[in-house]
Amino acid sequence: MVMTVHETDLQLVDALQVNPRAPWVDVGAVLGVSAVTAARRWQRLEEQGLAWVHAAIGPELSMGAILEVKCALNDTEGVARALARFPNIITVGATTGDFQVFAVLLATDLSALMHTLSRDFAPISGAVQIRHNIFRLLYGGVHWRQGLLPPGAARPVEQSPTARSAEQGATARTRGVRPLGVRDRALFGRLNRKGRATPAEIAADLGAAQHTVRRRITELAASRQIIFRCDVARPLFDLPLGVYLQLRAPDTTVGPVAAELGKWRETRLCANTISASNIILVVGLHQLSELEEVQARIVRDFPGVTVEDRRVILRYEKIYGRILDEQGRCTDTIPVDPW
């Protein structure tokens, strides 16, 4: 049975996409309900696997590779499931085309990435051929929003302290930032599982002081070492159709083009890759007919850029650590761990 999402819950998700860690009193003010009601509705969405808040590694620090896998006949599902079990693979999808599965792999540095690519994926049953598209950083897909709230309606969550911290982080420099230490990795792991966990809950879990946890969350967010995002069962929310595009841009403009594509509302992921097609772009659409408009916009806005390949994403097996069912609902969590 296909589920539907109540309009109030759509607006609730919209508010949390603006500010994923906003206090419930501010979220309630956006929706015109009490803090208790907002929290209760969110709990129900989480329990049903329809929406979740989690921490992600800052896109500017997310180097890795996009794997494209050619599968043996009838082995696509098995390959996708096998790749989804790796904690350093954040996202896995099945697509049309000759390479039927793509997976986004994160690594801490180039040496670790090379070691992983040469060692970890050879034993996967059903994988006939694997192509590696290495990237240095990711663009876009972090703060995507449905845009359902009317202008000004999100002001309470936009003006809360957690939103101001995130806004400071959006303009912060990430170069020279130290890699996450052991304690910060543990903190990230807790926030990746439960992005709205309170400092008190995390402190009790880690055996740390509450004020230390609160301070580190603020510092890591302000430096964009971690970011918070609200994700959903995409087939039941806005832009349910996914399309995987491979683009070729002139070498002199590939970086700026990828950065601009990352700002598009439709963008779920964009990477400047070292491969024959040097940009991989994943977009969300309402319907397949919108793909022609996206392609025309790419050609119009970015002279010299060509669309080399396009594939429909049949389903996501995993999105940033969440294992999904056929309706995109979260059924399990494999905490992200590129270390």
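Cβ atoms are placed via backbone N, Cα and C, with glycine included.
Since this is a predicted model, take the numbers as computed values, not measurements.
Record features, source TrEMBL:
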DOMAIN    7-46  domain 'HTH asnC-type'
DOMAIN    68-131  domain 'Transcription regulator AsnC/Lrp ligand binding'
REGION    153-174  region 'Disordered'
Overall pLDDT of the domain 'Transcription regulator AsnC/Lrp ligand binding' (68-131), taken as the mean: 94
Per-state residue totals over the domain 'HTH asnC-type' (7-46) - DSSP helix, strand, coil: 32 helix, 0 strand, 8 coil
Composition by DSSP (helix, strand, coil) of residues within the domain 'Transcription regulator AsnC/Lrp ligand binding' (68-131): 19 helix, 23 strand, 22 coil
